[in-house]
Amino acid sequence: MTRTAIGTAAGGRTRPAAGGGTRRWGRALRLLALQLVVPVVLLAGIWWWTGQAGSFYFPPASEVARYFADLWLFERVGGDVLPSLGRMFAGYAIAVVVGMVLGTALGLSRLLRTAADPVVQFLRALPPPALIPFALLLFGAGDWSKVFIIALGTVWPILLNTIDGVRGVESQLLDAARSFQIPAGARLTRIVLPAATPRIFAGMRTSLSIAIILMVVSEMVASDNGIGYFVLESQRSFAIPEMWTGIVLLGVLGFVLNWLFVVMEARVLFWHRGLKGNSDA
């Protein structure tokens, strides 16, 4: 009998493979390398092509990088970046609150949901940029017109996902809670909302991307600062390298904000990932 078999027969256990942690690290590094291959190759290709093309509309990437460092690392952060982020986060926060509150109410009540469905479907079909003239009449050319447009466009994924999440709560859980005479408020905060949270977060992540888009669009009309304003003014004055720096900055902001949201979601919904892992196993 081999040593491994003797150890198994005597103790009923086998030692975990010593290289398990090493294999996990190796797999993680391979995945990271795979994720970096396409961006690095794409960036290298763009860098080479723009340097050789000699196009007025596609300046060399090295020139865009130089302007980016001059403009966005120091000069225009306070005048353009911070106002844009302030408007975006204000509109996004309003959308989260309104979407969760209304979505919970509509998800819990079939009567309210049936009555409100035509209005919801009509309003969500309206393109938010088409309401910019109305927002300017209502709030003027200040920040609140832009916050209004951002909130109006980002509320729908949160609202609809909240409705679906609340409706998807298992009826057996609610029946058991009622049989134990758990108050309605406790049922909402301890059963309904936790069960609906994964769907709500999915809507919030979608709305975050929409908020960035509407931030740019709203700043291109009746504005005197912001990233969208800078991009449009650079295009009008044929400052093409500067225009591309604003576009690149928007991509960087979108990537960073999405990454931060994914990290926060993983921390908040750690229990949900554990349940999914157990069910898959």
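Glycine is treated like the rest: Cβ placed from N, Cα and C.
What TrEMBL lists as compositional bias 'Low complexity' is 1-17. Marked as domain 'ABC transmembrane type-1' by TrEMBL: 81-261. Per TrEMBL, region 'Disordered' is recorded for 1-22. Per TrEMBL, the feature transmembrane segment maps to 31-50, 89-109, 121-141, 147-163, 208-231, 243-263.
Of the Cβ pairs linking the transmembrane segment (147-163) with the transmembrane segment (243-263) and spaced 6 or more residues apart, fewer than 3 are under 8 Å, so the two regions do not touch. Counting residues 6+ beyond its ends, the transmembrane segment (208-231) has Cβ neighbours under 8 Å at 76, 79-81, 83-84, 87-88, 91-92, 95, 128-129, 132, 135-136, 141, 145-146, 149-150, 153-154, 157, 242-243, 246-247, 249-250, 253-254, 257-258, 261 in the same chain. Sequence-remote contacts of a segment are chain residues at least 6 beyond its ends whose Cβ falls under 8 Å from one of its Cβ atoms, and for the transmembrane segment (121-141) they are 148-149, 152-153, 156, 160, 214, 217-218, 221-223.
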